[in-house]
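Only one structure is covered here, and it is reproduced in the block below.
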Amino acid sequence: MTNFSSLLTTIFLCIISSATGSGTIELLISSPQTVLVEPTVCANFECAAPDDLSLARKVQRRVPLRFGTGQYHGEARERIDLHLKIIEPTSNEILALQHHRPAADTEWNSDAPIVIETSRGFNVTVQLRNLCSSNYHGKRCNRYCIANAKLHWECSTHGVRRCSAGWSGEDCSNPICAGGCSNRGRCVAPNQCSCADGFNGTRCEQCLPRAGCVNGDCVNETPNTCKCRDGFIGDRCDIDIKICSLEKPCANGGICSIDSSSSTGYKCHCPFEFVGSQCKTPLSKVRCSAEHVCKNGGACISMDDTNIQCKCRRGFSGKFCEIGNHGDCSAMRCSAGETCQISGDFAICVENDELLLTTNKPAETTKSVEKWREPRKTANDEQASDELQLRLIAAICVLFSVCVIGLALVSFFFYMHSFSKWKHPSSQQAGGSTILPTTTSIPMSTTSSGTGSPVYKVCIIDSEHRGNAPGSSSDSEPDHHCPPPHRHSPPPAYSSLVLYKKVPMAADDESSFRV
């Protein structure tokens, strides 16, 4: 869309530039005599003759007069219509009246000026040029072009739009980087590259080594790597291999050696009387008062006011027990009266009288060797004992879990059995007696029959069938009904079954008794 708009703008400007011009005609008139000059200039149309609007200007003797006409705007013509009238200022005599049509040009016509011969025999010289208005270009000032620094274009002297220096493309949007960016970045502005990570420079030609690489370069032009230059070593290439010979950092007879693992790049091997990173501290000042004089758990012993000695643990040696010896007696330095022996994984120095390494006491030698091996055997026994204890604890936990589960199952079955007996009690009691359902009452009432004999009526109310209609419990006597239950206060519930026995009665009343 942007390219299409730019194309339309260009076409519109071309149409305007071919038909319209804008500017001012500048004149430069010189005369050997003082005269009045009345010019009439028509840049975009033809003039018939000098008119009343023409203004006479005074040209001093041998003093050129430079002035401009009014600004014109309209059709751009190839030639300018110029009328000149020369007047003598005192008598107003017309000395010359001429008409010229010079070609329009933005440069002065100094090579071919207009020469006007007066009637008094002297000549008046006239030069002119076409001075274009702002944004108009070309000899006829008919090319309209606006420079735009934001869009990176400018206008030539002829009004042709062109890209500014450092830009290219149809829309002047492509920056130019002289020499490119070495395929390690992209050009974002004239001669300005945006480099990829790990590269730098005007053209991204510099490979950046790893951060902290002091005296090194990239390995095979690969960023974030470090290859030391000649004469330097170390992970950061900050150790000069000539440091021992040039600086001589070890004092008091210490021997300097290159050590790339050290922060200083070297290591001092001090004589016995001095200590420190540069062998500058006398041993007499340290003695056993300082912490960790003896390394690796060695014991410090003060020999006198100026000397100390480190008694090292098994497997370590050296002046300060700083050397670990793992099964190698060649690196051990045992003192007089001691012998290096391999005990387990360590090489140790043992006094000769303690080991009793003599041919006439082989039994004691064997006992001494067994004594050194005893700690390893004890350690194995302790490990086996710990494993046995763990297994025993695990077995106890399993047995306890089984017991708890069994007890829970027994309790569950006992509870279910008891609940079943309570839910379904037996219907017969001992002695053949019948246990009736729970009842609420045994109301009895008497009525008189027609003969005067009493009639007994017994109502047995089953607690489980109390909801039935009254009187429905007796099929044999439908005309007699039990009194309705008291609806305000129900009878109390019985807590036990009631055994109803036979009701005593007279022999003659047996026929009238109904249940």
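Please read every residue number as a count from 1 along the shown chain.
Glycine too: its Cβ is placed from the backbone N, Cα and C atoms.
Copied over from Swiss-Prot, here are the features:
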- Cys132-Cys141: disulfide bond (DISULFID)
- Cys145-Cys155: disulfide bond (DISULFID)
- Cys163-Cys172: disulfide bond (DISULFID)
- Cys177-Cys187: disulfide bond (DISULFID)
- Cys181-Cys193: disulfide bond (DISULFID)
- Cys195-Cys204: disulfide bond (DISULFID)
- Cys213-Cys218: disulfide bond (DISULFID)
- Cys228-Cys237: disulfide bond (DISULFID)
- Cys250-Cys268: disulfide bond (DISULFID)
- Cys288-Cys300: disulfide bond (DISULFID)
- Cys294-Cys310: disulfide bond (DISULFID)
- Cys312-Cys321: disulfide bond (DISULFID)
- 173-205: domain 'EGF-like 1' (DOMAIN)
- 240-280: domain 'EGF-like 3' (DOMAIN)
- 284-322: domain 'EGF-like 4' (DOMAIN)
- 427-452: region 'Disordered' (REGION)
- 466-494: region 'Disordered' (REGION)
- 393-413: transmembrane segment (TRANSMEM)
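Counting only the Cα atoms, the space from Cys288 (disulfide bond) to Cys310 (disulfide bond) is about 9 angstrom. Note: the domain 'EGF-like 3' (240-280) comprises 4 helix, 11 strand, 26 coil (DSSP; helix = H, G, I, strand = E, B).
Closest in space to Cys321 (disulfide bond), of the disulfide-bonded residues given as Cys132, Cys141, Cys195, Cys294, is Cys294, taking the CA atom of each residue. Taking Cys228, Cys300, Cys310 as the disulfide-bonded residues under consideration, the smallest Cα distance to Cys145 (disulfide bond) is found for Cys228. Proximity to Cys195 (disulfide bond), judged by a C-alpha distance within 10 Å, picks out Cys181, Cys187 from the disulfide-bonded residues Cys181, Cys187, Cys213, Cys237, Cys300, Cys310.
All protein chains included, Cys312 (disulfide bond) registers 24 other Cβ atoms within 10 Å of its own Cβ. Residues in the domain 'EGF-like 1' (173-205) partition by DSSP class (helix H, G, I; strand E, B; coil) as 0 helix, 13 strand, 20 coil.
Cβ neighbours of Cys181 (disulfide bond) (same chain, under 8 Å, six or more residues apart in sequence): Cys187, Cys193, Ser194, Cys195, Arg203, Cys204. Other Cβ atoms within 10 Å of the Cβ of Cys288 (disulfide bond), summed over all protein chains shown, number 15. Listed in sequence order, Gly21, Ser22, Gly23, Ala76, Ala104, Thr106, Asn130, Cys132, Ser133 are the same-chain residues six or more apart from Cys141 (disulfide bond) with CB atoms under 8 A from its CB. According to DSSP, Cys218 (disulfide bond) sits within a strand segment.
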